[in-house]
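A.B. asks: Quick one: the structure is below, questions incoming.
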Amino acid sequence: MHEHPLLAPLNDKQREAVGADERHMLVLAGAGSGKTRVLVHRIAWLIQERGLSPHSIMAVTFTNKAAAEMRGRVEQLLGSSVRAMWMGTFHGLAHRLLRAHYMDVGLPQNFQILDSDDQQRLIKRTIKSLNLDEKRWPPKQAQWFINAKKDEGLRPHHLDGYDINERTFKEIYDAYQVACDRAGLVDFAELLLRAQELLRENRHVREHYQRRFRHILVDEFQDTNTIQYAWIKLLSGVGQETEHNNYVTIVGDDDQSIYGWRGAKVENIHQFLRDFPNVLTIRLEQNYRSTNNILTAANEVIANNDGRLGKELWTEGASGEPIDLYAAFNEMDEARYIAGRIEQWNEHGNALQDVAILYRSNAQSRVLEEALLHARIPYRIYGGLRFFDRQEVKDALGYLRLLASRNDDAALERVINTPTRGIGDRTLDIIRSGARERGLPMWEAAKQLVHEKVLSGRAGNAVKAFLDLIDQLEDETADYPLGRQADTVIKSSGLMAMYESEKGEKAETRVENLKELVNACDNFNTLDDVIEDDMTPLNAFLAHAALESGEEQADAHQDAVQLMTLHSAKGLEFPLVFMVGVEEGLFPSQMSLGESGRLEEERRLCYVGMTRAMQKLVITYAEQRRIYGQERINRISRFVGEMPPEMLNHVRLQATTKHHSPALGRFHSGASHQAFEETGYSLGQRVRHTKFGEGTVLNYEGTGPQSRIQINFDDVGSKWLVVAYARLERC
Ligand code: ATP
Ligand code: MG
């Protein structure tokens, strides 16, 4: 019937989308309904059936990994390379645009990307240089302010600064931007904003790309922000004086919009329908990912949100097992339980890489890691601290960046006295203010100050030696392949020696990481997808180091469990999923509790988490948890209450002998929940004692007359009491 191989593995609705005439299209559908699959097949279809060149297609994905996978899938379907196709994240594509048109936007050719950490440092210095009090104007808040404004497309002069807060942050934004421009640095939000300004202000550039990109396709559209939307619209030519035959396809799910806190606007879906003419809207309703139990429970949870676009989602698949719900005593018990479950899974011949542990906050991973280590289960953290964000790696990259661009103030600040070479804070301050006064990058200012003997004596010599070192390193390594260049720089700068002379395991890891960086340079393939031919290998590598979002670490070959936040699990799927820490105050997060909009976003996150699971979902929560350095007693998350009870299986551990388990740390393990319930008290319950006052039930052990209960009293702290004598009142 549908013999076309690109359409055969699709359902009717999917076929309609993939084979549609060239027009604007919205594919709106719930999780696991094949939106991403449609995008892949659509691209292949356009090339194969419509005869489009890959050159005329741009596809936007949420992560670099997703982009690489998508390219691979398309190539597999077509049996040919699609290198000419632009495919990547918004940031990656913006970077590419800016590189090609750096002059039009007033950037130096070798401009560098400022990551979020370096951005914060630079903002901190800016605040200091403005003589503002850092306590009153925290760098983190200023960073948040600046990025939020940029995401909305606002420059300092767009801000009115009515009140003192806005006025001051505006002043910081302004000074920070001047510093960035002087140093040829572009932060993440700036990549998007500059690229948008480029397209808006330069008609010839805009029209060039409008002619080129006949089709633009965007995955996970519900999480685009204002600037990203503006970008797509500019490239499409819609609403402009000369319209082109360009078509935009967006796929998304309003129920999976989880980046509102970072400026994403789910309303962009409505905006798209208003701005673009003649949109074909397709809804996919069949889910191919999850068992019916998982899907139904997820649907029930998300049904509690208001103002949804509304979607039905069903599956032909089996009902599957119920969702397991485990109530842990504390986070260590939780972690240990999970490790145990994974061991079983593995013993039954299942792969570890088919397992994901999803948590709300990165801070939860440490305890989980410990339990996995203890159980000797290999794991990988996806999106954790990136390799390129480690201190020693950033030091080395600092030198390399300075070789690539002397103007890079952030890099210069980082390495000028690492390892120590007698350039102290005072000297650095002189260079900083010299740079500000003269409107020069620090490198240039330092050079002048030494030349004019403003910097003289030991300090002057030290600075001169540093400047010479960098120049000489560049001369020496100019013709080296990348790996050798990095190796030489790491050694000649004294960085390697510095870390080698440090003691301890940590120092050893640092030395290994430096060597690994050389490896990474050796293996870096400049012909690889996103990297363009117009860059030097060094610049290409530096861009890669800044834009790679830590996903690659998860790609190593060993079979390993994957740990990640719920946010970074978007778009992925795993046979077995643990959703952990499902507690009020953690998930939904404390900050979302007072605001219905944010609470709904947490609920969408819950929906995203649940729908990652294909066969089995295990939900865990801890009645007591130490997190962010605080002990907390938690109630189970309201989201669990929103799931149909008949689909939940409350896991009860067998009552075992009461021994003190080291893995459980401060707690007695093995107390059976059932026995506990016999006392009529439950964990987390509030009680009153005649002498000690009010408190919360923490733990329980023993049976009958011996049974004891642990209570954390508000005034006197935690105590074990014999239940029979305690004469507690419930409150
Ligand atoms: P999410 O909202 O989580 O991003 P999605 O809508 O993008 O999900 P996909 O990841 O494209 O969904 O598809 C989910 C799973 O279902 C994948 O494993 C995919 O291969 C499979 N799938 C999609 N459509 C079909 C189909 N018609 N027949 C068989 N399997 C399908
Ligand atoms: Mg998808």
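Cβ from N, Cα, C; glycine included.
So TrEMBL lists the following for this protein:
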- A29, G30, A31, G32, S33, G34, K35, T36: ATP binding site (BINDING)
- 8-291: domain 'UvrD-like helicase ATP-binding' (DOMAIN)
- 292-571: domain 'UvrD-like helicase C-terminal' (DOMAIN)
A.B. asks: Do any of the binding-site residues A29, G30, A31, K35, T36 touch ligand 2, in the sense that the CB is under 6 Å from one of its atoms?
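C.D. replies: From A29, G30, A31, K35, T36, counting a Cβ under 6 Å from ligand 2 as near, the near ones are K35, T36.
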A.B. asks: Given a separation of at least six residues and a C-beta threshold under 8 Å, show me what packs close to K35 (ATP binding site) in the same chain.
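C.D. replies: Listed in sequence order: V27, A29, D219, V251, G252, D253, L284.
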A.B. asks: Under a criterion of Cβ-Cβ distance under 8 Å and sequence separation of at least 6, what residues of the same chain contact T36 (ATP binding site)?
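C.D. replies: The answer is A66, M70, D219, V251, G571.
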A.B. asks: Neighbourhood of the ATP site (A29, G30, A31, G32, S33, G34, K35, T36): other residues with Cβ within 8 Å of the Cβ centroid, in order?
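C.D. replies: Close Cβ neighbours, site residues excluded: D253, L284, N287, R289.
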A.B. asks: Report, as a single number, how many Cβ atoms besides its own are within 10 Å of the Cβ of G34 (ATP binding site).
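C.D. replies: Its Cβ shell of radius 10 Å holds 23 other Cβ atoms.
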A.B. asks: For T36 (ATP binding site), which of the three DSSP-derived states applies: helix, strand, or coil?
C.D. replies: helix
A.B. asks: Output, ordered by sequence, the same-chain residues six or more apart from A31 (ATP binding site) with a CB under 8 Å from its CB, or 'none'.
C.D. replies: D253, D255, Q256, N287, R289, S290, A298, L313, Y607, V608, T611
A.B. asks: Where does A29 (ATP binding site) sit by DSSP, helix, strand or coil?
C.D. replies: strand
A.B. asks: Is it possible to get the count of other C-beta atoms within 10 angstroms of the C-beta of G32 (ATP binding site)?
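C.D. replies: I get 25 for this one.
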A.B. asks: Around A29 (ATP binding site), how many other CB atoms lie within 10 A of its CB?
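C.D. replies: For A29 (ATP binding site), the count of other Cβ atoms within 10 Å is 26.
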